[in-house]
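Here is the structure we will look at, set down as structure tokens.
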Amino acid sequence: MAARKPSVRHPSHNHPLRSHKAQVEEEIICSGCDLDLVGASFKCTKSECDYFLHKSCFELPRETRHKAHPDHPLTLLYSPPYESTYTCDACGEYGSGFTYNCSICQYDVHVGCVSMPESVEREGHRHPLTLLYRSPYENGLIFNCDVCEETVPDNLWSYYCKECDYGTHLHSCAVEEEEEEEEEPKRGGGGNARGNKNNNGNKGGRGSAASELAAMLEAQREMEKMQIELHMEMQRAKIAKKARKACLKLI
């Protein structure tokens, strides 16, 4: 008879947890980062309790310093500090699980966003992209993502190449871009909201750029052991999590 796996405790949960290897078909949502969970993880030992954590979420430090918020340390909180959700000051998306928080400034960052690398390279662009913690533009100029062409708010993080004036959202918008490419014919010569945008052949095909960015971010998630997926799935994950909890309460 196989020995039972030893249980461990985590301050985010009242019950003991046990190691678990999550499979894709289980469709598990991590209770820490609210993202899909596959691979090394921990699950609650109580069969009626739907609590799971990525191994990387389980091992997060209780406090961290970050260049985006140099005046104060960020403390790991296991639930939103305000109501049922918070807004990430890095990517602008909602969160309902763990957050790195500054209570003095009411500053919150997803646990996945806080570990994004300061510089990345991609085949679709010949220079490294640097992580910025606010818009690269001043004097009211609008910064648009070069993948999805949507405006990136001035206060959010982004990846940017100063030499080519080329930048993207913090996380990939490749899924939407690929769908758009399938539905619409290639558009020629349209103007850019930034004004004097220097193309220099750096954009290449939109579909190609989108797939390369997706591949780049997948490599980052593996490197950071966070398995961070598109934050655009955050809302779907949150709804699914709440629905499962509601079902358990009805039993």
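Each Cβ is built from the backbone N, Cα and C atoms, and glycine gets one as well.
Per TrEMBL, the features are:
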REGION    1-20  region 'Disordered'
DOMAIN    11-57  domain 'DC1'
DOMAIN    68-114  domain 'DC1'
DOMAIN    124-174  domain 'DC1'
REGION    177-209  region 'Disordered'
COILED    209-236  coiled coil
List, by number or range, the same-chain residues at least 6 past the region 'Disordered' (1-20) whose CB is under 8 A from its CB atoms?
31-32, 40-46, 49, 51-53, 55, 58, 78, 98
Restricting attention to the domain 'DC1' (124-174), give the mean pLDDT.
87
For the domain 'DC1' (11-57), the number of residues DSSP places in helix, strand and coil
6 helix, 19 strand, 22 coil
Per DSSP, what is the residue tally for the domain 'DC1' (68-114) in helix, strand and coil?
2 helix, 15 strand, 30 coil
